[in-house]
Amino acid sequence: MQVIVDNLPVLLQGLGLTLEYSAVAIVLMIIFGLIFALMRISKIWILRGVSTVYVEIFRSTPLLVQLFFIVLGLPGVIPLNEWFGPRNYPILAAALTLALNEGAYVTEIIRAGIQGVDRGQKEAAASIGMTGFQTMRYIVLPQAFKRMIPPLVNQAAQTIKDTSLLAPVSVVDLVYKGEIVIAATYAGFQIWSVVALLYFIVIFIVSKVAAYLERRLQVDKR
Amino acid sequence: MISVKDLHKSFGENEVLKGISNHVEEQEVVVVIGPSGSGKSTFLRCLNGLEKATSGVIEIAGMELTNPKTKLHELQQNVGMVFQQFNLFKHLSILENITIGPRKVLKQSKEESNAAARELLKKVGLTGKENNYPDELSGGQQQRVAIARALAMKPKVMLFDEPTSALDPEMVGEVLQVMKDLAREGMTMVVVTHEMGFAREMGDRVIFMDDGYIVEEGTPSDIFTNAQEERTKSFLAKIL
């Protein structure tokens, strides 16, 4: 028990870093998701094509492999470490890779949200003389947004868990701090228990928020 | 008010409208009947550009729909449409459903559009439902709101696409009553329906369509009691 109390500050510091990476990745994944989703429903085939290739590549390979490839593999052929600095590049690249990976799923969530709005809603908007932009702005997006919130919150929870994969590419987070503490104390059982519990608490709060939003934001108000 | 010349419409290989020509006068009430798959709904949807004509010329409310230079959304402001499934905006209150067109499209003030919407709700018998949401209303009430939403744009023509087909029988009457009031006020209307009672009572002219053609047209009494074409007779025999 003493080993936990002694090392809790270090682990909480790691949790703080994990939450920072999570926040950055969640903001970026929504930006990427929105851009690529609009590309995916575009009438211009090249935009659709680029978006489809992006989504397929990031969804069809493991995140850990993507991280190894971009953080550790790419600097072998491109002098990225020199350009960005050997300390900065791994962190920047890891955060960006995580955001791109999660963004691929968010692209699908947003696309499905927009396309899930009943066609009759768009026809009704057209029938009162709305332009395509007005229809998107006043009718489709407000309905799509409510539909998208629960899956987006779930994806955010997934992103928080996926930050644990940053440790293997030497980004300091909760898992990384845990490994350091264990290397010094050999208290693997106690420390991994605390690490798991800390993740659990964070994710539990997030999924409670998701459940609450799901109840509150049904598309058809009652 | 509406003039259609040799309208053709195909979905892929399937030709749904095979050359429709017709003319609707101002203040005329035209009822389109026919078996399902006859193309009557497609014909109606072509009239406000929800379906793009494959060929032919359509003029409606003083604009040439089939001219590529015509701005479709400007034309649609003048042509009201009522759908079988109501298609009320689910995320908006009843009042907002009616005012969103006038406010965003016609740029009316909130006060002006709200006052007009309350008048329209009174007209369709739904005063007091302003702050409800569409799912809280019965089908008949929703369809009356949909009519009010279309009227709020002050259209020159109203199109009705089987407006009572999705309703429980006891609610058909209240919607038809609103439509009858509208017809009596002189609104130009094209109504696709299976309500033969409405066609008889309110129709200035009845068009019978089958297999993508207008088979026969005339006054209600011409069609219902003195049909000339075999296909019209056999259709009417089945439904009357």
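The first residue you see is number 1, and the count goes up from there.
Any Cβ shown, glycine's included, is placed from N, Cα and C.
As annotated by TrEMBL, domain 'ABC transmembrane type-1' applies to A:15-210.
For the transmembrane segment (A:21-41), the residues of the chain that approach it from at least six positions outside its boundaries are 47-48, 50-52, 54-55, 94-96, 98-100, 102-111, 114-115, 152, 155-156, 159-160, 162-163, 166, 171, 173, judged by C-beta separation under 8 angstroms. Summarising the annotation, TrEMBL assigns transmembrane segment to A:21-41 (among others).
According to TrEMBL, the transmembrane segment annotation covers A:62-80 (among others). Tertiary proximity for the transmembrane segment (A:62-80) is limited to same-chain residues at least six positions away from its ends with a CB under 8 Å from its CB atoms, namely 89-90, 93-94, 96-98, 100-101, 162, 165-166, 168-169.
What TrEMBL records for A:191-213 (among others) is transmembrane segment. Counting only same-chain residues 6+ beyond the ends of the transmembrane segment (A:191-213), those with a CB under 8 A from a CB of the stretch are 3-4, 7-8, 11-12, 15, 19, 149-150, 153-154, 156-157, 160-161, 164, 174-175, 178, 181-182, 185.
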